[in-house]
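Undergrad: Sharing the feature lines straight out of TrEMBL:
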type	residues	note
DOMAIN	39-340	domain 'G-protein coupled receptors family 1 profile'
TRANSMEM	26-48	transmembrane segment
TRANSMEM	60-83	transmembrane segment
TRANSMEM	89-116	transmembrane segment
TRANSMEM	137-156	transmembrane segment
TRANSMEM	189-212	transmembrane segment
TRANSMEM	288-312	transmembrane segment
TRANSMEM	324-343	transmembrane segment
Amino acid sequence: MANTSEFGGSSPSLQNYASTASAVKLASLGLIMGISLLGNASLSLLLLKDSSLHKAPYYFLLDLCLADVVRSAVCFPFVMASIGGDSTWPYSALICKIVAFMSVLFCFHVAFLLFCVSVTRYMAIAHHRFYYKRMNLCTCVAVICMVWTLSVAMAFPPVFDVGTYKFISEEEQCIFEHRYVKANDTLGFMLMLAVIVGTTHVVYIKMLCFVYDHRKMKPAQLVPAISQNWTFHGPGATGQAAANWIAGFGRGPTPPTLVGIRQASHLGNRRLLVLDEFKMEKRIGKMYYMITLTFLILWAPYISACYLRIFVRGAPVPQLYLTAAVWMSFAQAGANPIISFLFNKELRVRLRACFPCCLGTQTPMEPYCVI
C-alpha cells in the first residue's frame, strides 16, 4: 500500500514531466523546421537567381537544399502530430509507410550525393582540365538522377515488408523497425549507409594527401622578361610573350601554351588557372567536407543505437539518448545552409549582392559636415 501511494503521489509529476518534454520536443522541432525551410529556401533562391553560381558544385548544393526543404515540409509535421498525440500514430499504416519511405529516401540521397560530390571535388583538384571539360550541366543532371535512382532502390524494398517500416513510439516517427539481426532485415541497409559515409571520407583523405604531396608546387606565374622590340628573352620569355599576346599586344602566331594556361574555345573567354581559382576549389571542397562531417556527426548517435539494437538482443537504449539522437538527425536538415554560408566566402558575397535589403547595408559616412 505504501508503494501504491508513492506511485500515486508521483503520477502528477510524471504527467508534468511528460507535458514539459512534449512541449520541448515540439518547440525544438519547430525551430529546426523553421531554420531548415528558411535557410534552404534562401540558399536555393540565391543559387537560382545568381548566374555566376551556375556551376557544377552549386548544382549539387541546390539539389541538397531542395531535398531538405521537402523533407522538412513533408516529414516533420507528421512527427509533430505524433508528439501531440502522446507518441501515437494518428494516421493509417499506408501513410506511415510513405512517410518512412521518404525519410529513408532523403537520408540515402544525402549520403549518395555527398559521395559523388567528394569524387568531383577530387577531380577538380587533381584533374582540373578533365573536370572543367566534362562537368557541365548535363553531367550534373545525370549524376543527380543517378543518385535519386540509387536512393529509391535503397528505400523502396521495405515498403513490401523487407525490413518493415513501422511507427516507433520511442522515436515518435515512422522508420525502420530495428530488431535483432535474426528477426529483421535492416542490417544490410545500415551497413550500406556506413559504407557510403566511410568511402566518402576516404576520397577526401585521398584529396588531402594529393594536396599535401603537391604543396611545394607553385601555380603558373608569369615571370617578367627582358624585351627588345617585342622580342622576349630570358627566364620568363615564353610566359611574357603569351601574356602580351592574350592581352592583344604584338602580332604573329600563338605562343607555346604554358602549363597552367587553358585555352578556351572562344577567343574572348581565355583565362588562366591561377592561385585564386585553386583556392576557390579548395574552399568549395572544405565546405562540402564540413557538410559531410556534420552529416556524420549528427547521424552517428542514431546509427550507433540502430547497430546496438541489431546486434544485441533486447539491448536497452536509454530513452533520453534515443530522443537526442533522433533530434540530431532531424537537425541535419537545417545544417547545410549554415555551413555553406560559414565556409564559402563566395556565397556570402553573392548573398549581399543579391539581397542587400535583407542584410541591412550600412550607409556610407559623408567626408564633410554641412553647417
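The backbone N, Cα and C atoms fix where each Cβ goes, and this holds for glycine too.
Unlike curated records, TrEMBL annotations are generated automatically.
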Undergrad: Give the one range among 26-48, 89-116, 137-156, 288-312 whose Cβ atoms make the most pairs under 8 Å with those of the transmembrane segment (324-343).
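TA: By Cβ pairs under 8 Å, 288-312 leads among 26-48, 89-116, 137-156, 288-312.
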Undergrad: Which one, 26-48, 60-83, 137-156, 189-212, has the most C-beta pairs under 8 Å toward the transmembrane segment (288-312)?
TA: 189-212
Undergrad: Assess whether the transmembrane segment (137-156) lies in contact with the transmembrane segment (26-48), where contact requires at least three Cβ pairs under 8 Å among residues 6 or more apart in sequence.
TA: no
Undergrad: Mind checking which residues of the chain, 6+ beyond the ends of the transmembrane segment (189-212), have their Cβ under 8 Å from one of its Cβ atoms?
TA: 104, 107-108, 111-112, 114-115, 118-119, 121-122, 125-126, 154, 158, 163, 176, 178, 282, 285, 289, 292, 295-296, 299, 303, 306-307, 310
